[in-house]
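This report refers to the structure that appears directly beneath it.
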């Protein structure tokens, strides 16, 4: 399956390192929205790498309960979660087809309500076409969006297998001729008319959202920051990575690849 053209020559095979279980949930097509406090700088294929922190059972349960609850809103009750959440591995990829604000997502009535409930942060990266590696392989990750090394990419691209999501979702482009047309501000936002906001949430859904919020806050501390590229939207070069010595391995106190914990907490509280 080919990726969409990104139209951005700064990125070659961009990759994002994420904590588990969020990383596998995205590659398995269960997670459709990657929440961030910053807009997506890319379109097209985004490789997903799992960080080195071993997820504790309570975190896995909280996130699986969250997705069970929001999928149940659309009548999906037989979710099949990954059997394992491997760490320090390249897992697969998704297609980032757009990025919108939280207000735009929750007001997007063409989308299933569960997708709109999944948004919890300022910016929502819209992900389609998940593919997983048949054999995830070990590699080191870095903070921010970075380019896969050529030899790693060439090995990985041969081992991809398409994933059938439990509820396939297509995010239509406002202008099909412009792959960057689905961007913050491109959709009319009217939260007052949003069915997702107006619908009465059952207590189990509120509890699931609270549990997901608690799971995310474990990565929040006074020193943590969003995994955004600090030098604008240019990819982090190998020389910069070596200079910074900020490989994700061993950086478990940093929030890398998780929906930014502070934004997630604030948005969940607003629910």
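Placed from the backbone N, Cα and C atoms, the Cβ positions cover glycine too.
The domain 'ASCH' annotation in TrEMBL covers 16-122. The feature region 'Disordered' is assigned by TrEMBL to 216-271. The annotation compositional bias 'Polar residues' is assigned in TrEMBL to 217-228. Sequence annotations record features per position, and here TrEMBL assigns compositional bias 'Basic and acidic residues' to 260-271.
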Using DSSP, what is the helix/strand/coil residue split across the domain 'ASCH' (16-122)?
33 helix, 27 strand, 47 coil
Which value does the mean pLDDT take for the domain 'ASCH' (16-122) in this predicted structure?
96
